[in-house]
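For reference, Swiss-Prot has these:
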BINDING   19-26, 81-85, 136-139  GTP binding site
BINDING   T26  Mg(2+) binding site
DOMAIN    10-209  domain 'tr-type G'
REGION    60-64  region 'G2'
REGION    81-84  region 'G3'
Amino acid sequence: MAKEKFSRNKPHVNIGTIGHVDHGKTTLTAAISAVLSRRGLAELKDYDNIDNAPEEKERGITIATSHIEYETENRHYAHVDCPGHADYVKNMITGAAQMDGAILVVSAADGPMPQTREHILLSRQVGVPYIVVFMNKADMVDDAELLELVEMEIRELLSEYDFPGDDTPIISGSALQALEEAKAGNDGEWSAKIMDLMAAVDSYIPTPVRATDKDFLMPIEDVFSISGRGTVVTGRIEKGIVKVGDTIEIVGIRDTQTTTVTGVEMFRKEMDQGEAGDNVGVLLRGTKKEDVERGMVLCKPKSITPHTKFEGEVYILTKEEGGRHTPFFNNYRPQFYVRTTDVTGSITLPEGTEMVMPGDNLKITVELINPVALEDGTRFAIREGGRTVGSGVVSKIIA
């Protein structure tokens, strides 16, 4: 049976859920899908379906990013449910990079928690431009004053990280109650709150101006081998357009390779082309699965080149933000997360700078052990021992 063609009749926006573990991110994702499915705007995905990677079952926490799609009257959304647990912040960095806006889930019963702060900070770092807040578990809070207090705390926290806290839409509700209502076939007050949330997302998160006219670039997230068809790489197209038949390069980590695109798919539907913002699978002619890995990029030939040495403008987190407690010195060797990969690199401090304190903002020179596709403006996170200690942006390529 031929695959159904993907229709592009509404503006497309990438969003996702972020927030502290157990505040209800996955339940909210399921509730949105359930409430919208009653209006014919989504396929119903239940909680277990969204929370479905094998590792999660043992620990009861979400690890992999789950993608679901749904529509409102105005838009088509691709929604990622981001991992919440601190151990999996690494995935959050690659997941959050896929969002035009985020729904921050905060339990009204608990208020903002350490990971709430960390996810707001990460959103700032990886360039999530807009946040809408869902104050979950409001059914567990009887005191209206307490709700107001939590709302104030959330607004202050957003403002602290340069998000417009005072203007951010905050909708309170209960994802679990809405999910139960929708499953029972009812449209009650809790489902109405989900519709309020989607209305806020529709109006507050602008339709992104897609970088479709720039040169094609797609960071590789995953690589699959499909028997009889070849190698498929998946990821979100960062900019430009890719068409079936295009000649493209695979850049980073190893020597640059050239290949031809033989297929483009989105949500299991075939397309003639993929464009900036789309989460796609790209079929590559004659490329072996072992020649490609996460962290490489697909790009228009000669448009971006692999580099190992650059200058970057960085901010080093304070210990309160979850960063280092102590300074670091010249030749410090952390991991650099660029797009979808981590590469070890050494930091050279500017002349006259002996050490860097948590909270400092400075220009550094970085030398990576493996080449990565880089250009001015490429963002990266600095991590060590499983936690983010800094964030930065490439200001100048050296080699």
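Cβ atoms are placed via backbone N, Cα and C, with glycine included.
Cβ neighbour count within 10 Å across all protein chains ranks A138 highest among the binding-site residues D22, A138. Of all the binding-site residues listed (G19, K25, T26), T26 has the fewest other CB atoms within 10 A of its CB.
Classification of G19 (GTP binding site) by DSSP places it within a strand. Counting only the Cα atoms, the space from A138 (GTP binding site) to the residue listed as 'Mg(2+) binding site' is about 16 angstrom. Summed and averaged per residue, pLDDT over the domain 'tr-type G' (10-209) gives 83.
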